[in-house]
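For Arg197, Gly198, Gly199, Lys200, Thr314, Asn338, Ser526, Arg587, the entry in TrEMBL reads CoA binding site. Annotation comment: TrEMBL describes Gly390, Glu391, Pro392, Asp414, Thr415, Trp416, Trp417, Gln418, Thr419, Asp503, Arg518, Arg529 as ATP binding site. Summarising the annotation, TrEMBL assigns domain 'Acetyl-coenzyme A synthetase N-terminal' to 30-85. Feature annotation from TrEMBL assigns domain 'AMP-dependent synthetase/ligase' to 89-470. According to TrEMBL, the feature domain 'AMP-binding enzyme C-terminal' maps to 534-612. Annotation source TrEMBL lists N6-acetyllysine at Lys612.
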Amino acid sequence: MTDEPVKKDLVALIASPRNGEATHCTAADYDRLYQESISDPDSFWARQAERLDWQTMPTKISNASFDPVSIKWYEDGVMNICHNAVDRHVAAGKGDVTALIFEPDDPQSPGRTISYAELQAEVIKMANCLKKLGVGKGDRVTIYMPMIPEGAIAMLACARIGAIHSVVFGGFSPDALAGRIEDCDSKFVICADGGLRGGKPVPLKANVDAALEKVAVDAVLVINHTDTDVEMTAGRDHWYHEISADVSADCPCEPMNAEDPLFILYTSGSTGKPKGVLHTTGGYAVWVATTFHYVFDYQPGEVFWCSADIGWVTGHSYIVYGPLINGATEIMFEGIPNYPDFSRFWEVVEKHKVNIFYTAPTAIRALMREGDGPVKAHDRSSIRLLGTVGEPINPEAWRWYYDVVGDGKSPIIDTWWQTETGGIMITTLPGAHGMKPGSAGKPFFGVQPQLVDGDGKILEGATDGNLCITASWPGQARSVYGDHERFVQTYFSTYKGKYFTGDGCKRDADDYYWITGRVDDVINVSGHRMGTAEVESALVSHPKVAEAAVVGYPHDIKGQGIYCYVTLNAGEEHSDELVAELRVHVRKEIGPIATPDHLHLTPALPKTRSGKIMRRILRKIAENDHGALGDTSTLADPSVVDALVEGRLNR
Ligand code: WTA
């Protein structure tokens, strides 16, 4: 997609997000600060750490190696991230500042605004409930919530008492939830009775009950959000409004070493089950605080809106920790972009006078399809900065976002990063850099990107390669929970001594980076990361399936769609009913986000004589590019390919 020619007039457009007023970072500032962050990282990051309150100021700044893999930042520092996100603002007299503006799924329902002082009281209340249920420092707590303030409050409450949160996206199935509870041996779940998305109920508590048939926990804390009738298991399940009735209004923040774990977040890779990516306290806090400050160029009094879900890393870093550490006022939106109609985003922008809006290209593409009308029906004059994240943005969608949504006056920042990087890594900075539609831009402070070829040879200048990062940065993941060896293998073994991102990337003559998408067996569906292996294992767990191969293909709205090739056990008949059944089966195993777009039942898969499935060929057929299948002579049975081309579904 990024290969589309870029219109000349859009190249190198340096736009100030504040009508010419000074931004947090000019081009000259960027050059100077970036230089310093590379030549003297310890003094640069010691200074950034001063954005936070520490009980013990760190004296050791970085202590990190990629071979062997050991990553530590601020290792003698002591702090609590909840204190930094909440309490210190209250202590500084900003208790009346609005922290969260809750915008419910149904625009007719009353919303809520929560000040920093109210947020502090809410977090303390939930933290004391967790303590009452037996949660202590280092315990894992699974959070399975809709996009309501209690989701953020639950995360902050865990951080306050030193418990490690593991948020599981509310769209995951009970099976997926059970796997994530089991993997980190979590004994506590926080959920709501139900959620609402686009007017449809999401049975969160019922899903938890189903998950807990497979794995046991000590306690479930249930928030009443939708007045849904749910089953409560005596001794295990507790209504939040009941158990919180008599808790104290006092709960000190647990002193945490900078390297104490803060959270686990499961993410997909090219092999095996999702990994529990582990982030720790101090470095993550500094990273999200610093990136939020510079990238969004936030000013007190402004309204920030990140439309992600707290179940993903974008929600962790730019709904919960980054904005709150910076004392920002922000929107928490429960709904979806097309409910009740396609103007919902802009209605919310108008209603709350949003200044900074951060969303995913897939949402932009879906809204673009509906034309300019729904956008123009609302006043968007408050917007001064637009951002995207999650997948490459095609120049056409960029242009529409810029011209129509931003009325041609707000810069766009295209931020590249990953669950593992903790926060934004490559982006232009508003007011400092020209924009190139489709390019993420320049490395953030301390980020040292490198492009290498398949053999690890370093590629210089304007070129195309695999994106690695050569030196540690504070927000980097420290491990895979319970499996450090998998962390080392996944990220540091392809190219020894470097962090390999899994992304392909182009660098142009201006040193701008253009992410071209994953080069491994990970696909990006509507900005959601998915391992093709996960979908394959869901398919083969169906009793009628013999074998499955899953690949991505370009999809107009979702970025990538899911194309599944499936062979059945001997004696099973191909039928439309079975295709429908398999689709439901995948949704049950993983969740609706993994629903196959195309399910191609085939008598055989193309294999080499040694039995290896030739994915390259399957990708080409799924892309409807079967004219260029390349060399098929190594196949055990070349006629298999002809049949697949004949029966291809994506025409
Ligand atoms: C992709 C989301 C192009 C990329 C924060 C990465 C992007 C994966 C961009 C991480 C972008 C994210 N341009 N591609 N601006 N941002 N990606 O862990 O392939 O859910 O490796 O983190 O999304 O997805 P994750």
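Any Cβ shown, glycine's included, is placed from N, Cα and C.
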Residue pair Asn338 (CoA binding site), Gly390 (ATP binding site) - Cα distance, angstrom, rounded: 19
Reported mean pLDDT - the domain 'AMP-binding enzyme C-terminal' (534-612): 94
DSSP-derived class (H/G/I helix, E/B strand, else coil) of Lys200 (CoA binding site): strand
Among the CoA-binding set Arg197, Gly198, Gly199, Lys200, Thr314, Asn338, Ser526, Arg587, as the record gives it, the longest Cα-Cα distance in Å: 24
DSSP-assigned states of the domain 'Acetyl-coenzyme A synthetase N-terminal' (30-85) in counts, ordered helix, strand, coil: 24 helix, 13 strand, 19 coil
Integer Cα-Cα distance in angstrom, Thr419 (ATP binding site) to Thr314 (CoA binding site): 8
For Pro392 (ATP binding site), the number of other Cβ atoms found within 10 Å of its own Cβ: 23
Neighbourhood of Thr415 (ATP binding site) by C-beta distance under 8 A, where only residues 6 or more apart in the same chain count: Val295, Tyr358, Gly387, Thr388, Val389, Ile424, Ile426, Thr427, Ala440
Thr419 (ATP binding site), number of other Cβ atoms within 10 Å: 19
Rounded Cα separation (Å) that holds between Arg197 (CoA binding site) and Gly390 (ATP binding site): 21
